[in-house]
């Protein structure tokens with residue numbers, strides 16, 4: 001059997017695989033804010049990014065290693081393809097962290113070998129030990145992944161894993177890269193690795209899975225029963241295509257059904273010892289932070305963290321819950337960080353009260369950012385009687401989200417009505433240049449604003465999504481706007497909130513436009529799609 005740490009290790013890849021969700025690109029400050037909250041959540045490993053992809057990715061991983069990694073904190077990990085250039089960059093990026101890891105990988109399925117790598121099985125068996133050995137020469141904690149293991153020949157997989165462990169890999173990760181397997185198949189795959197890889201006892205066995213068939217969490221739980229002890233997952237299940245296995249669902253499944261899973265860890269069925277180190281009361285806070293910063297809305301019926309996860313509409317259910325919550329609820333909402341207590345701030349609240357509440361919500365702002373957030377808070381408090389946590393999150397997430405600002409919005413004015421053509425006048429400045437003003441007509445006020453902004457910026461794009469939702473209840477609620485722009489097949493999200501939804505739309509559009517421009521100037525590599533040319537004897 002694989003090495004057993006006595007519990008499940010939670011490997012969070014929100015900042016790497018999760019960020020590959022279309023439109024979910026994050027800037028450095030956003031990544032740092034999420035990493036700090038992941039540390040508070042208690043994850044064991046943070047995969048902070050793919051350092052070789054771009055200078056921005058390298059800087060983000062290095063900054064997280066410096067500020068989040070610690071002697072008692074999470075392991076900071078970076079991803080690297082099986083090439084010395086990637087591995088060296090990864091080692092340099094994570095080096096500031098006392099607890100650090102290189103995660104290197106290569107595909108093992110025949111379809112990937114033939115069509116992506118154009119390599120033979122023999123080539124891969126030559127590359128793996130050399131690259132793992134090189135990584136091990138740089139640090140002691142090395143994870144090796146067999147990309148597309150779910151569609152790989154098990155016999156070949158056993159050979160590759162044995163070679164990787166012999167070369168120094170301390171964690172072996174088995175990805176279901178395209179979400180193809182069923183729970184019984186995935187469980188059998190993990191059981192086979194435990195049974196037929198002779199040196200598997202020298203490494204922790206990990207799993208990584210996508211949700212293309214909606215089976216990622218079920219696959220992982222079956223893998224746990226068969227000896228997997230590290231789960232690679234993301235907050236809210238975000239990720240490419242249908243997403244990754246959801247961290248909050250996995251953690252709570254193990255928490256709620258601990259008596260069922262305990263025997264698979266060699267424990268007494270009634271053992272009260274948690275199966276993971278995650279602080280479950282931080283789950284809702286973490287989910288909201290990731291949703292706010294990525295602009296990816298959590299579906300209302302999402303398990304554990306959805307808005308309706310603890311809501312009851314049926315009269316029979318409501319009656320039962322009022323008499324005893326256990327009649328229809330298997331989880332106490334407080335366990336995941338939900339509380340009936342609402343702490344509301346108002347126009348008389350001071351800077352220290354706002355700072356303290358933001359820290360409780362997971363935001364650690366610099367003095368300058370706090371000054372700006374407090375100014376926005378006071379402005380909102382003049383227009384809105386009661387400021388709730390969701391209002392604060394909307395204010396600060398928009399601020400943290402600001403990318404490198406090529407364009408800055410200076411003015412928005414609109415006129416519209418039943419007998420008027422919707423017309424917008426906007427003023428825009430470009431990198432400290434003079435303001436430029438233009439007016440445009442549209443089918444509605446938001447369309448007019450976007451047309452005017454496009455005229456001024458002159459950056460080709462296609463607006464493919466506009467959504468607005470109320471942050472809180474009441475007629476004075478802030479409107480939270482998400483805009484997604486597309487260019488050359490890539491999506492760029494903008495997110496803003498204001499009591500005036502037209503102003504919020506303009507701010508969100510500029511936010512997305514700045515992301516688009518920044519991305520076009522610094523195109524990162526994709527760890528799976530951008531396959532390096534691998535020789536049997538790669539060199540720097």
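Every residue, even glycine, has its Cβ placed from backbone N, Cα and C.
According to Swiss-Prot, the residue from 226, 236, 244 that belongs to the Mn(2+) site alongside 17, 208, 210 is 244. In this structure, of the binding-site residues 208, 210, the smallest number of CB atoms within 10 A of the CB marks 210. Per DSSP, the region 'Regulatory domain' (408-540) is made up of 34 helix, 54 strand, 45 coil.
The most densely surrounded of the binding-site residues 17, 244 is 244 (count of other Cβ atoms within 10 A of its Cβ). Excluding 17, 208, 210, 244, which define the Mn(2+) site, the same chain contributes 13, 175, 177, 209, 216, 232, 233, 234, 239, 240, 243, 245 within 8 Å (Cβ to the Cβ centroid), listed in sequence order.
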